[in-house]
Each structure stands twice: as structure tokens, then as C-alpha cells.
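This report concerns only the one structure given below.
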Amino acid sequence: MIGIRPTIAAMEAGKDIALANKETLVTAGHIIMPLAKEKNVKILPVDSEHSAIFQSLQGAAGNPVAKILLTASGGPFRGRARAELADVKVEDALKHPNWSMGHKITIDSSTMVNKGLEVMEARWLFGVEMDQVQVVIQPQSVIHSMVEFADGAVIAQLGTPDMKLPIQYALYYPERRYLPGGRLNFWELSEITFEKPDCENFRGLSLAFEAGTTGGSLPTVFNAANELAVGLFLDRRIGYLTITDMIESAMRHHKTVQNPDVDQILAAERETYEYIKAKWALN
């Protein structure tokens, strides 16, 4: 939650924000988005999926969004049953099929927790309800996300799986500058496929929808529990499936505070850490 106060300070100073820290909106979207409107500052997404949605909305001419279709690769364990995940090693979880990322977000992608965080981020960033965000597995990571409108039209943003484009777009918006690097070759692209996400075996996504729908301080608990659990998994102190077990346990234990202020958000984070450490007898 370290990004909340700096983001608020920058907005208070009238600065537009190129937002790369999704946790800020996940935990404090109810504070950040009204402040952005009050200060007349732009929040420009750096996340590839949210950049894709933002780009897809540029031709919307003010028409309301019917649905956001947030794409996901499915991660390295797509198609596996939960029982098959019990013995997953750190090295296995760090092998993302398409993207090259840091360790923490790569683990989050494998559990589908990252996609859950992105759903909550999209809910605030684009002013929609949680049930207007639908996750679609797109294994090739060619379509980075889509927007559906009231007439059924769907606009998508496509590109190679490379973070340079969304970063550059946020920094230079609304200008599009030349970007060296790979390009999609549609003559050689063999397939673009879609699947429904497996929320039964990858419970991180369903828990995220529960946290986001409940709102208040519960998304903070979801995020904090995941951060602690992933760190423990990377340190080889817990098993892979324990990540979502810890998230669910912390969520069930927490008494949700609606419309929390920054201090209450940070307190919920601390309390989540303390609860998990006590329950799992961690030093």
C-alpha cells in the first residue's frame, strides 16, 4: 500500500498520474478516483490490460461501457486440476508462458490473483461495477483486453506481449510515437483462442471478485494476505496452494470497514499480516 500517499500527494499538486501500481486503486479507489475528478487530473494506466481498455475507449465518444473483457493468458498451470498444483515448485510458477516479469507478479499471474487485482483496478479506473468486468482466457496474449458497448460492438487492442507500448502510451498520451520492437504478423499468426477462466481450481480469481464486490477494506485484506503469502512461497516456507488458503482465511476473519480512510486501509493491512503470522505460527 506504499503507493497510496505519494499518489494522493501528486494529485493534490495537480499532477497527472501514469499509474503502474494497481494496488493503489484496489485498496483506495474510492479515495483516488473522486480526488482525480476534484483536481482535474488524468490517471493513465500502465498495466497492459488497462492500457488496452483505455485505448479501446478512445473512440467511444462518451458512450457508456456495457462490459469490459479483461484478458488473461491463464498462466503456466492453465488446464491443471487443483490436486495437480499441490506440489508446484517456485521454479515452475516463475515460468510464465508469454510475459517476462518480476517474481511476485509472475506468481500472482500463475494463481490468477493478479487478474483478480486487475478486475478491481478496472472497476475503479473505468467507473463500472464488478459484474461488468468479465475475465477471458486468451492464451496467446495477443488481445490485451476488449470493451463491449450497448449495441454489441466490441473494440479490442492487439499487440505483442511487451510492456514498452503501454508505458510509452501513458507517458506521451495522447501522442503516439514510434516505438522500435516487434510487430504482430497476422499472416503468421496461427490462432487466437478464448477460454472461460477456471475459478474452481484457481480460487484467487473468485476470491478477488468477492473482495471487490464487498468493497470497503476487504480488497486491502485480499491484497495484503496475498503479498505476505507470495513472499513466503518465494522463500519456500509454504506450499503453492497455501497462498489462496491464507487469502481466504484472512478474508473470513476480517470485519469489513466501509469507505475506509488511508489510516484505516493501512491498519487493515497491518492486522492482516498479524493475523496470518499468528494463525500459521510464522516468525
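Placement of Cβ uses the backbone N, Cα and C atoms for every residue, glycine included.
Curation plays no part in TrEMBL annotations; they are all automatic predictions.
Copied over from TrEMBL:
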- GLY3, ASN21, GLU23, GLY102: NADPH binding site (BINDING)
- LYS22, SER48, GLU49, SER73, HIS96, SER109, ASN114, LYS115, GLU118: 1-deoxy-D-xylulose 5-phosphate binding site (BINDING)
- ASP47, GLU49, GLU118: Mn(2+) binding site (BINDING)
- 1-29: domain '1-deoxy-D-xylulose 5-phosphate reductoisomerase N-terminal' (DOMAIN)
- 43-126: domain '1-deoxy-D-xylulose 5-phosphate reductoisomerase C-terminal' (DOMAIN)
- 158-273: domain 'DXP reductoisomerase C-terminal' (DOMAIN)
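This view paints the features noted in TrEMBL onto the structure.
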{"residue": "GLY3", "record": "NADPH binding site", "DSSP (3 states)": "coil"}
{"residue": "ASN21", "record": "NADPH binding site", "DSSP (3 states)": "coil"}
{"residue": "ASP47", "record": "Mn(2+) binding site", "DSSP (3 states)": "coil"}
{"residue": "HIS96", "record": "1-deoxy-D-xylulose 5-phosphate binding site", "DSSP (3 states)": "coil"}
{"residue": "GLY102", "record": "NADPH binding site", "DSSP (3 states)": "coil"}
{"residue": "ASN114", "record": "1-deoxy-D-xylulose 5-phosphate binding site", "DSSP (3 states)": "helix"}
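Cβ-based crowding with a 10 Å cutoff singles out LYS22 as the top-ranked of the binding-site residues LYS22, HIS96. Least packed by the Cβ count within 10 Å, out of the binding-site residues GLY3, GLY102, is GLY102. In sequence order, ILE2, ALA20, LYS22, THR24 are the same-chain residues whose CB sits within 8 A of the CB centroid of GLY3, ASN21, GLU23, GLY102, the residues recorded for NADPH being left out.
Just so you know, of the binding-site residues GLU23, ASP47, GLU49, GLU118, the Cβ with the fewest other Cβ atoms around it within 10 Å is the one at GLU23.
With every protein chain in view, the residue among the binding-site residues ASN21, ASN114 whose Cβ has the most Cβ partners within 10 Å turns out to be ASN114. Taken together, the residues in the domain 'DXP reductoisomerase C-terminal' (158-273) have a mean pLDDT of 96 on the 0 to 100 scale. In space, HIS96 is the closest of the binding-site residues LYS22, ASP47, HIS96, ASN114, GLU118 to GLY102 (NADPH binding site), judged by Cα positions. Apart from ASP47, GLU49, GLU118, the Mn(2+) site neighbourhood in this chain, defined by C-beta within 8 angstroms of the site C-beta centre, holds LYS22, PRO45, SER48, HIS50, SER51, LEU70, LYS115, GLU121, ALA122, SER145. Among the binding-site residues ASP47, GLU49, HIS96, ASN114, the ones whose Cα sits within 10 Å of the Cα of ASN21 (NADPH binding site) are ASP47. Taking the C-alpha atom of ASP47 (Mn(2+) binding site) as reference, the shortest distance to any of the binding-site residues GLY3, HIS96, GLU118 belongs to GLU118. Between the CA atoms of GLU23 (NADPH binding site) and GLU118 (1-deoxy-D-xylulose 5-phosphate binding site) there is a gap of 9 Å.
Taking the C-alpha positions, the distance from GLY3 (NADPH binding site) to GLU118 (1-deoxy-D-xylulose 5-phosphate binding site) comes to 16 Å. Broken down with DSSP, the domain 'DXP reductoisomerase C-terminal' (158-273) shows 62 helix, 2 strand, 52 coil.
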